[in-house]
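Participant: Pasting a structure below so you can have a look.
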Amino acid sequence: MKISRSLSTVEVHTGGEAFRIVTSGLPRLPGDTIVRRRAWLKEHADEIRRALMFEPRGHADMYGGYLTEPVSPNADFGVIFVHNEGYSDHCGHGVIALSTAAVELGWVQRTVPETRVGIDAPCGFIEAFVQWDGEHAGPVRFVNVPSFIWQRDVAVDTPSFGTVTGDIAYGGAFYFYVDGAPFDLPVRESAVERLIRFGAEVKAAANAKYPVEHPEIPEINHIYGTIIANAPRDPRSTQANCCVFADREVDRSPTGSGTGGRVAQLYQRGLLAAGDTLVNESIVGTVFKGRVLRETTVGGMPAVIPEVEGSAHICGFANWIVDERDPLTYGFLVR
């Protein structure tokens, strides 16, 4: 058989959310920043994303990242995040997955009891620390990018749920944060269809009404998803949240960048003190922890540096081929 492309991946999940790491088979990516490399991929090789994220190799809620060379002196590697709709600016669960794989598979020099991993992402440089006992990787904590409330108490009108009020905050991506209780939206698997409809309608309305732009990275200029918070199932958790992002994807994890934005939102509203920990529960009951490390500014705006902690596990290795004779080789989505 004639194979037009072969791609190798490491399959990881973070709190239940898939993350497919592409380790080989990509074309050489031109550009001296991750954002420019991402732009080249989007224009010249987007079929790779479709092949790996869409069915039959992936599914409507698939997520992944392409390894690339670092662009800053303190980074071990760079990453370009991909999903069903396109490309994202940040992915906290992806950072945790990448850091776990880097330590488990020896991509970085490992030290006990903790190993540092530096990652260049579209949103900037991210530093992670992985617990390492000499045999196994444990929980990962990463220093998030500066995070902040962009706009408070904004309202959007939706077709199915009426007026929805919340905050737009940034934790590596812009999200619309809303309380699900007034809309009878528990963060449970049984409510996932209503959560998807709600999140998609709010995201569309917010993007139409409230233009956003990162003060220092103008390429980050859209609301990536809706984060719906409600009561957790575990009394030890602070809250549960469900992130509906991209093209109606549902995050199985508590959302890493979303946790960073939530920490900033709560801190800047006086609802989370320095030294306090947000225990953030996902739709499947897994947990990330978030806390404020320090205050900072971004383009003159008050912001904080959050730390986010979670765990990931390698669940497989794969080799994928692209066969141009296959009419579905670049994938499809039923939903």
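Using the three backbone atoms N, Cα and C, a Cβ is placed for every residue, glycine included.
So Swiss-Prot says this about it:
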ACT_SITE  Cys91  active site, proton acceptor
BINDING   Gly92, His93, Asp251, Gly256, Ser257  substrate binding site
Participant: Inside 10 Å of the Cβ of Asp251 (substrate binding site), count up the other Cβ atoms and send me the figure.
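Facilitator: There are 28 such Cβ atoms around Asp251 (substrate binding site).
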Participant: Taking 10 A as the limit, how many CB atoms besides its own sit near the CB of His93 (substrate binding site)?
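Facilitator: A count of 32.
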Participant: Around Ser257 (substrate binding site), how many other C-beta atoms are within 10 angstroms of its C-beta?
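Facilitator: The Cβ of Ser257 (substrate binding site) has 34 Cβ neighbours within 10 Å.
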Participant: Which residues, same chain and not among Gly92, His93, Asp251, Gly256, Ser257, have a CB within 8 angstroms of the centroid of the CB atoms at the recorded substrate site?
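Facilitator: What remains near the Cβ centre is Thr14, Glu17, His90, Cys91, Gly94, Val95, Ile96, Cys243, Ser253, Pro254, Thr255, Gly258, Thr259, Phe288, Val308.
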Participant: If one looks at the chain holding Gly256 (substrate binding site), which residues at least 6 apart in sequence have a CB under 8 angstroms from its CB?
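Facilitator: Set apart from Gly256 (substrate binding site) by at least 6 residues yet with Cβ under 8 Å, we have Thr14, His90, Cys91, Gly92, His93, Gly94, Val95, Ile96, Phe142, Asn144, Gly172, Phe288, Val308, Gly310.
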Participant: Please state how far apart, in Å and to a whole number, the two most distant Cα atoms are among Gly92, His93, Asp251, Gly256, Ser257, the recorded substrate-binding residues.
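Facilitator: For the residues that bind substrate, the greatest Cα distance is 11 Å.
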Participant: Near Gly92 (substrate binding site), how many other Cβ atoms are within 10 Å of its Cβ?
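Facilitator: Result for Gly92 (substrate binding site): 32 other Cβ atoms within 10 Å.
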Participant: Applying a 10 Å Cβ distance cut-off over all chains shown, what neighbour count does Cys91 (active site, proton acceptor) have?
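Facilitator: There are 33 of them.
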